[in-house]
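J.: Take a look at what TrEMBL says about it:
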type     : residues  : note
DOMAIN   : A:6-79    : domain 'Glycine transporter'
DOMAIN   : A:91-160  : domain 'Glycine transporter'
TRANSMEM : A:6-24    : transmembrane segment
TRANSMEM : A:31-51   : transmembrane segment
TRANSMEM : A:57-79   : transmembrane segment
TRANSMEM : A:86-109  : transmembrane segment
TRANSMEM : A:115-136 : transmembrane segment
TRANSMEM : A:148-167 : transmembrane segment
TRANSMEM : A:173-189 : transmembrane segment
């Protein structure tokens, strides 16, 4: 097991906990909690593999990841969400985001994807599980509305792609991981968010025409 | 037409009715009612075929299934949801769930899928249509929150996989069908559900950090 | 660049504006606004390419489309939704729907898809982006509930398929485009909608059994 794989397990662990925690908040039953933990941890990679038509998504043969998801979800059930806002959890989640972005970024570079597809696969791997989690739990997708999260992943992915030809694989991987975790944690601690744009109208949904 | 195919049509019929009925409750227009009937009946199999990269999903060439969906949705429109809670409907729906799980389970065994993928394809075939139905209708996905439904399918799938090498195809198929319908109906009649886990916090959505 | 490609850009433009506008209404941050613009403009074509297993969706190499999306979303941010109900916008959107339906219909005819798949790919290309937009923004999918929109696309697609063997490609394309835009605009201006079916029951969600 190399370093990125180890960090990916950290990501799987953090994402499974976030899925399980949302599931408990939303009153899912026991099976639903485990399913949402699994969807959150594996969803991004599965969407990536489906969109890029890579055959059966690799997560279905990742027994290690599935074991980690089972342990994380079980832990979340015992904690019952008590650590959701704990700095430790936010840090672990940021490491997971970084690991997912970087590992899919390396694969995308190896596959010679163009820039658009490169940004898509790195982003969807990092945030796709959380997006599915919010859709299944019928919540407003968090990634669109709060925190410097997805954008930290995109910046880190671009750093990886830009640095790779000059620094080589190892150094650009470390650099990208550090960039993502630093941006994410700095903005989290300083409560920095992306700007929003106020819609001029206050019309209700039923009045919209398209 | 063999026995499983016949039961699959029973499932298509029941799922189309449930989709059409939810569509009427949610104030869909006439086209929306037919679309939701189709999505509910065909969605699980289509997701399965997409995730396992089987080429164009087989449902698009299942004229028989499409005819059944059309008839079921039209019937649902005339009934306007009157039979939704009728024992007959719940029984027909349970038979449909069982047929979808077993028919996809046989295919998965023939394809030598590993256990994880086996559970995924049988479950998603059985409950994926209902999940899409609830997402399109913006409802909380029922399968995560109420009734012994998805878990009945998973148990039946495991029975199929476990019994197949010993009992052969026919007997293990019958056994699995009986297990699923029995568990589903028994728990429905006795009002047995999976346990839930209470989240310790009552924080509102906007306070969550991930 | 031929005529259909040009009209497709019109569609990309209109769909990106509608996505960005909904994103602003729903309080998305700046990145979320651009993402929803992109999802709305490209989502239908991407779903089509995934379901029909065409390899990596072509939109990921359509730099022209991505540029148009960027411009349209930026424009929408400056307008802040002021033109949402403007006749010009509704007309541009109708042209876009027509272009998406017709261009995917031509491809479907070239691929000899059967009627079911033909209707699916033309419809999902035309309305799939708006469906994803509404799911991501947690709104009731508009296409199921209001306006003659999806049905205009389906009628136009059938006109294309029916006229193609007799009129040839060019004439049947023009005819189909005119049919879709005319039906859509006529029904919009006359406020004509598909009928709805009232569900006999007023039960709340939690009482539903499936």
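Every residue number used here counts from 1 along the chain in the order it is shown.
Here the Cβ of each residue, glycine as well, is placed from N, Cα and C on the backbone.
No curator has checked TrEMBL annotations; they are predicted automatically.
Provide an account of the burial state, proximal residues and distances for the features listed.
T.: Across the domain 'Glycine transporter' (A:6-79), DSSP helix (H, G, I), strand (E, B) and coil residues number 63 helix, 1 strand, 10 coil.
Distant neighbours of the transmembrane segment (A:6-24): 32-42, 64-65, 68-69, 71-73, 75-77, 80-81, 83-84, 89, 92-93, 95-100, 102-103, 129-130, 133-134, 137, 139, 177; these residues of the same chain sit at least 6 beyond its ends, with a Cβ under 8 Å from one of its Cβ atoms.
Only residues 6 or more beyond the boundaries of the transmembrane segment (A:31-51), in the same chain, are considered here, and those with a CB under 8 A from a CB of the stretch are 11-13, 15-20, 22-24, 57-59, 65-66, 68-70, 72-73, 76-77, 100, 104, 120-121, 124-133, 136-137.
Same-chain residues lying 6+ beyond the ends of the transmembrane segment (A:57-79) with a Cβ under 8 Å from its Cβ atoms: 8-9, 12-14, 16-17, 19-21, 24, 30, 33-34, 37-38, 41-42, 45-46, 49-50.
For the transmembrane segment (A:115-136), the residues of the chain that approach it from at least six positions outside its boundaries are 15, 18-19, 22, 36, 39-48, 51-52, 97, 100-101, 103-105, 107-109, 142-143, 149-150, 153-154, 157-158, 160-161, judged by C-beta separation under 8 angstroms.
Counting only same-chain residues 6+ beyond the ends of the transmembrane segment (A:173-189), those with a CB under 8 A from a CB of the stretch are 3-4, 7, 90-91, 94-95, 97-99, 101-102, 105-106, 147-149, 151-153, 155-157, 159-160, 163, 167.
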J.: Grab the same-chain neighbours of the transmembrane segment (A:86-109) for me: Cβ-Cβ under 8 Å, and only residues 6 or more beyond its ends, written as numbers and ranges.
T.: 4-5, 7-8, 10-15, 17-18, 44-45, 48, 117-118, 121-123, 125-127, 149, 152-153, 156-157, 160-161, 164, 169, 173, 176-177, 180-181, 184-185, 188
J.: Excluding the flanking five residues on each side, which residues at least 6 beyond the ends of the transmembrane segment (A:148-167) place their CB within less than 8 Å of a CB in that stretch?
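T.: Residues 94, 97-98, 100-102, 105-106, 109, 115, 118-119, 122-123, 126-127, 142, 173, 175-177, 179-180, 183-184, 187-188, 192-194 contact the transmembrane segment (A:148-167) from elsewhere in the chain.
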J.: Which numbers of helix, strand and coil residues does DSSP report for the domain 'Glycine transporter' (A:91-160)?
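T.: Secondary-structure breakdown of the domain 'Glycine transporter' (A:91-160): 56 helix, 0 strand, 14 coil.
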J.: Express the predicted model's confidence over the domain 'Glycine transporter' (A:91-160) as a mean pLDDT, rounded to an integer.
T.: 91
